Amino acid sequence: MTIKLRFVASLALVFGLAAASVPAQASGGDTPHLQSWSFAGPFGQYDKAQLRRGFQVFQNVCVSCHTLENGGFRNLPSRAAPNWPLDEVRQLAASWPVQVKDINDKGDPMQRAPKLPDRIPSQYANEAAARIIHNGAVPPDLSVIAKARTFQRGFPWWVTDIFTQYNENGVDYIVALLNGYEDPPERFKVPDGSFYNKYFPGHIIGMTPPIADGLVTYGDGTPETQLQYSKDVAAFLMWAAEPTLDVRKRIGWWVLGFLVIFTGLLVATKIVVWRPVKKGLA
């Protein structure tokens, strides 16, 4: 078999496997709709106002069950985002309802209010305590949920995603999940204490519908709807999972610019160096 035929056969195998994988992916749950995000694409940046609203939703709704182990109060005043005033973050940490464990000057264990350098404390003493409260289940930590929970778009969309640089599967899934609660179809049995969600794999989820219209009060005039809440908290969780996204993209463009200029200089140097040699050989 020639190299060309092997290449064609390999492409056919890849596309065939991709096409065959679509039903398996779709059977786990409906495909979420794509949302519009300020941080999408190569030029995208976080919307600081949206991140603040998202943290507000997390603080008032999500934190009652979920943790944010990798999240720290010190990250909130970050110049990248959400860029909160330092004094406000200090007050926020001091008023946080869960205290942190520490050691006093005498070496005895104590509890105190969180400070700016601290991580956002967990409301559970340990995993066993979380299981007791939630009937044997442990609510997932949300630190990297926007990157860990996602969905596959299947063929041919993964091909176009290479060029559009679509990488927001996780936040699209979060928005879909928070808005996917509905009555189950006929003859679909949902166990007591569980709920039907068309976007959750298997469609049976143990989490109570967490948000509803008017649940959180915004102070900037943003619509206080379930869909808006879900978008805002999804954006915040994306920032929690990738807080340096803004910086990474800005540095990336500087690097690409440097490579373009450096490549041009190399080409020009090659022309200048080899032009006399070529003339001498002519």
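Going from the start of the chain as shown, residues are counted 1 onward.
Cβ from N, Cα, C; glycine included.
According to Swiss-Prot, the feature heme c binding site maps to Cys62, Cys65, His66, Met207, an assignment based on sequence analysis. Sequence-distant contacts of Met207 (heme c binding site), defined as residues of its own chain at least six apart whose C-beta falls under 8 angstroms from its C-beta, comprise Cys65, Pro139, Phe195.
Annotation comment: Swiss-Prot describes 1-24 as signal peptide.
Under the heading transmembrane segment, Swiss-Prot lists 253-273.
The heme c site, placed at the center of the C-beta atoms of Cys62, Cys65, His66, Met207, has further neighbours from the same chain whose C-beta lies within 8 angstroms: Val61, Val63, Ser64, Pro139, Leu142, Pro210. Cys62 (heme c binding site) is surrounded by 21 other CB atoms, counting those within 10 A of its CB over all protein chains shown.
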